Amino acid sequence: MKRPKLKKASKRVSCSKRYKIQKKVKDHTRKLRKELKKKGGASKRPKKDLGVPNSAPFKEEVLREAEQRRQEIDEIKDKKKQAKKVERAQKRKREKVTGKKETEPKAKKPLQEVVVVEQPEKEPGPDKGSKQYLCSELNKVIDASDVVIEVLDARDPMGCRCPQLEEAVLKRGGNKKLLLVLSKIDLVPKENVEKWIQCLQLEFPVVAFKASQQIQDKTVRARKSRIVASNEVLDRSRAAACSGNGCLSEFLSSYATKTENEAQLKVGVVGFPNVGKSSLINSMKGILACNAGVKRGITKSMQEVHILKNVKLIDSPGIMAAPSNPPASMALRSLQVEEGGVSAHEAVRTLLKQCDHSQIMLQYNVPDFRNSLEFLTLLAKKRGYLQKGGIPNAEQASTAFLDDWTGAKLSYHCKASENHDLPDYMSAAVVAEMQTGWDLNSLKTGNEGTLKDVKCPSQAGSIGLTSKGPTAGLLRVEDVTEEKPLLRVVEISVRKPADAASESAEQNDENQPEQTPEEATEALGTQAEEPPIKRNPGRVQFESVPIDMSGSAASTGDAYDFNTDFN
């Protein structure tokens, strides 16, 4: 039976498919052309040799020399080919005679004696995060500088002063000068700043300063300066504006010209963490020369920055606060929170005790709260600091609260003392010596102009804080000891059933203010007089509790009231 003749499949395609294929072919050829152009490949048409033009002088001689050179190159190639042919013919003859194929032996490299050189072990460098290193760097800055600038936070200038630092500068030789700079004046009421300037001028010259918070890196500025819009608007916001840099630079340059020293005037910038040392240097320079931020202890070592032809600023790490300071001073100026020595929640609790309850509510826009934990919970809900399941993150809220207080964000102020007395390490002669050589009249006019330029908050919009006085610092390396984390002994005891009066008494004790060191030592002394109870730590001891089996006790205290947990 004949098979039916099958028709061949038609090659006709739909127009859309045909156009799609043509488009893909075009794209492919275009892509190949681009790649060839990138690689520098030769084009389809070879370039034509134009030769020597007719107008060129000595054309015949040039052509003759080129022809001779071409012939010489061809002769050299022919000679090489002939030499290779002769070598191959000789090699075949040798193989026929011996019957073995010759292989050229590989040249062996001479053995070299391996000499093992023992390199001396590198001594480990100093730990830049250690307290001893930070203390030594701070002393280097004091020794190297002719003028020492102590930067004070205008919100609490007296709390930012370090008596140990000022005494060390005054005792060092070399006719060193000490200068006070009030930073962050835009966060304090103007009347308060004027009072603090009048108060601190009785000891040292004072300069009012407001640093810029939008200092950019040099590379970023250069990149942005290439494209300048026609309708460019200058950024005159409060964060970008800088006030007091002109007054301070003129004040330092005038002093540098008066001194007989031909070298540059070295000015050391010192102070506690987060008072604005690096921000001051960046604002004076105009670019991001030193790292600055809200986190404490960013600067680890000294750094020199040239400001003017005759003035050079030296950045320094922050002063370490002594452990004997009050808890409020430690919460604001020590590095214990970053190092983990003190929890952020405890620091928030100490700060809330020093402030007015209603001012905190108005500043953070939160309802009434009973304790610090409730405040942090409300703040976390307000700012959206939530964990999985919508649980408020109190730790994140506490760090944000501390960043507001140490950074250039929150407005609070301390009242200047009316009755000002000189400290023990100063006298009238020292004050007169510190103020000689400076142009105090220009400084006064400069401070007045700075205060006019800066927009300060009102007295009602700023939180009032009680200052704890100067903060003691550690300057000598011998005084600094690396604190190791201690194991905390937790005593677990079985509490006897008590009435409601005892529980309310415990709650009242929690709300009481913290004990002073003297009261704490007296309490420890009274406890030491009581006879110690000998306990075996390896066994659990049970104490006998008298049980009342009367019916009245069973009717009142035996049943558990489930409503107590939901009040």
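Glycine too: its Cβ is placed from the backbone N, Cα and C atoms.
The compositional bias 'Basic residues' feature in TrEMBL is assigned to 1-47. Marked as region 'Disordered' by TrEMBL: 1-108, 496-567. Taken from TrEMBL, the feature compositional bias 'Basic and acidic residues' covers 58-89, 96-108. Positions annotated as domain 'CP-type G' by TrEMBL: 135-322. The annotation compositional bias 'Acidic residues' is assigned in TrEMBL to 506-521.
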On the domain 'CP-type G' (135-322), the mean of the pLDDT values is 81
For the compositional bias 'Basic and acidic residues' (58-89), the DSSP helix/strand/coil residue counts are 31 helix, 0 strand, 1 coil
In the region 'Disordered' (1-108), how many residues does DSSP assign to helix, to strand and to coil?
-> 65 helix, 0 strand, 43 coil
